[in-house]
Amino acid sequence: MKEENGFAGFLNTAVNRLSGVLNDTAPTKSQSLKNGVNNEGNRGFSLFRNPRFMSDEKLSSEASSHSTLGQQQARDGRQSPSKEAPFGEGELKLENFENQENEADEAENEETSYSEQNHTENTEEIAEESRPLERTHSGSNHHEASSTGHLNLPPLENTLSQGSAITAPSRKVSITSSNGVSARLSGYAFANSKRNRDFHRIFKVLPPEDHLIDDYGCALQRDIFLHGRMYLSESHICFNSSIFGWVTNIVIPVTEIVSVEKKSTAVVFPNAIQITTLHARYIFASFISRDTTYQLIIAIWKNTHPFLTTLANGHGVMDASGNHHSGSSNQSINADSSAGSEGVDEGTSTEANDESSEDDDEDNNTDEANEDAQSNVSDESPKGEGSSHSDNVVLSDGNSVKKMNEDGADTSLLSVSEVTSHPPTEWTGSPLAHVLCSDVVNLSVSTVFNLLCGSDTTWIINFFKSEKLTEIKIGKWEKIDDKWNRKVQYIKPVAPPYRQTSCYITDTIQHLDINNYIEILSTTSTPDVPSGTSFVVKTLYALSWAHSSKTKLNISYSVEWSKSSWLKGPIEKGAQEGQASYVKDLLTAFENYKVSPKGRRKKITKHTKKKNKHASETSVAPEKVDNSSIEQSSSFLTKLYTFPFTIITWLMHPTHLLLVVMFSMLVLQWWYMQQILHAELPSTSSRSDSSRDLDFDHIPMDDTAFKLWITSRLDSVERDRDFVYENSDPNLEHGKIKIATDYMERRLKKLKERLRKLEASGYI
């Protein structure tokens, strides 16, 4: 019984404390406490607030209000609900506390979800104030309270205590380096901030967000090995070397790398890595841990191109299309050659202009009937369609141009008549994706067309030669599907390491109207290069008439892809550069081209040709002699003037400078050894010839040596004398002293005679 009374007292204390922190009830507290029940039949209690967020003034005001209410209840003759409801009686039962605890858990979950929805931007911060939730008792409990006349207690609610927290949603976890930068390369950490600052201090061209991962000691293989360090970052592979003030910096973007291979130095030592880009090849040797460096380079490379697959032997890569690209092959990836070389898209040279002028002179020697025999457009079907491919091309090898068909004539080639005057016209077509030029050329439309696509391919072939193209093959014009087509093929040299590449061009005349406009589409493909089968370059040429019978030339191009490739960016960049260079050369060629003046030409016989030829030879011969002599003298002066600059340029090469320094050191060493071996004594060099003649009685030592000997002997005699006196032995070393004294007397006598002779001869 005592235990039950103690537990009842504990419950009464808990109820009093709970009633002290209750929030405002729904009608006024005084009215509800006086009546004992709610007028509306339901008693509502609000979720009380956390005392941590309540001000002291509010707590004190609530305490005073509750004390006032208690006094008012006492005056009304009512007892406290806690006194009227001892343990086991009334409406306060243990089941109520259990039900209220479950309901409190549900309320806490609802409150937590609500707080998460309102704090999505910063989920780690706890809401400063919880949203109150209102709960009501059921109608049955209210009916029981009204019937018994007792006041039902509010349900026990769980609230956010001072140590509670709201669960934040899951966040993405990333591994960060020591300097706080999130690493995008999985499994590798960035270098510390000091090394990163030193890295950007050396390579100032790199963006600051390109962080250093690691660096390794190695040597760049060139004419000599340049020892330095390789720096690996997220987007670049860099190398720095400083030898005797010669600084070498290399920055290789990872996006331009074609292959990464393991190599051996001197075919024996497996400590080198070869990195090949679109335009260059770099060999780094002398790695202490070659495999570790190689794996990191491959990881960075794959991080930039996630769909790359390294082959099993570690040589070359394979792209998503399955094409294997080997870094050791001689294929060219130079987009300059794959995009900028078209069948009608090369520049000219002075040699081409000279040969064109010679062709015009030969045309002037034809008959008048041949002058008027020009057709507008040759619509004849090509001959020899069943012949081999070699019979339908014009081959240029070296300086010779050969037509491969047997009869020596190419009647299927296209040509248009020369129109010298025409009003302006407008090109109604649309350009391709990238416009290269829209300029006016000081030539007629017919002239420009004949130079590019005419039957006489001398100009275009010479132009190809000026661009250093080889194995030029220009096919015949063939009419296919009412459109003229021509095949062009040549080999273009490119930058190392690939040396050259083959280009295949198809020229198609889409619209041919000399009185309106001409439209030519040239399609270039380079299947031999990596990803060469995945794209073609199309170039559109539009010729229309401008003012003063000139030509309005519109050139545009586009790169069309049939497959996806990881070299798309570099290839399109190279295509843009190659096309821009080509257009510049082409416009220069048209400006340098000169049309021979047309006029009434006389019929020239064979006798007239021979006579004119002989006169021209006799008149030009002296000029050639004079010009040759002038050229020789001018060339000699030019060489003499440029010789110092040539030497300086030659010495600027590190290898040459090192050889010169080593040779100079060898010469200096040889001279120094000669000076040591054949050195002359000071007194000997000062002697005159006359004194040598007078020295008939030669003394076996010079003056300086004699003085040194005298001094040493006197010291020795002095020491011996002291020793003799101290030891009282007069016979000790007596013989040696006597010999020295005799020699000194003879020496003194000879010196006196020599002095006398010099005085007699007048030297003293």
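Each Cβ is built from the backbone N, Cα and C atoms, and glycine gets one as well.
Features of the protein shown, as given by Swiss-Prot:
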COMPBIAS  98-113  compositional bias 'Acidic residues'
COMPBIAS  118-145  compositional bias 'Basic and acidic residues'
COMPBIAS  352-371  compositional bias 'Acidic residues'
DOMAIN    197-264  domain 'GRAM'
CARBOHYD  Asn23  N-linked glycosylation site
CARBOHYD  Asn118  N-linked glycosylation site
CARBOHYD  Asn240  N-linked glycosylation site
CARBOHYD  Asn330  N-linked glycosylation site
CARBOHYD  Asn364  N-linked glycosylation site
CARBOHYD  Asn376  N-linked glycosylation site
CARBOHYD  Asn442  N-linked glycosylation site
CARBOHYD  Asn554  N-linked glycosylation site
CARBOHYD  Asn627  N-linked glycosylation site
REGION    22-173  region 'Disordered'
REGION    320-406  region 'Disordered'
REGION    598-626  region 'Disordered'
TOPO_DOM  1-646  topological domain 'Lumenal'
TOPO_DOM  668-764  topological domain 'Cytoplasmic'
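Annotated features taken from Swiss-Prot, shown on the structure.
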{"residue": "Asn240", "record": "N-linked glycosylation site", "CB count, 10 Å": "19"}
{"residue": "Asn442", "record": "N-linked glycosylation site", "CB count, 10 Å": "14"}
{"residue": "Asn554", "record": "N-linked glycosylation site", "CB count, 10 Å": "19"}
Residue pair Asn240 (N-linked glycosylation site), Asn554 (N-linked glycosylation site) - Cα distance, angstrom, rounded:
46
Between Asn554 (N-linked glycosylation site) and Asn442 (N-linked glycosylation site), find the distance joining the two CA atoms and give it rounded to the nearest Å.
14
Per-residue pLDDT averaged over the topological domain 'Lumenal' (1-646), given as an integer:
65
DSSP-derived helix, strand and coil totals, residue by residue, for the domain 'GRAM' (197-264):
9 helix, 43 strand, 16 coil
In three-state DSSP terms, the structure that Asn442 (N-linked glycosylation site) belongs to:
coil
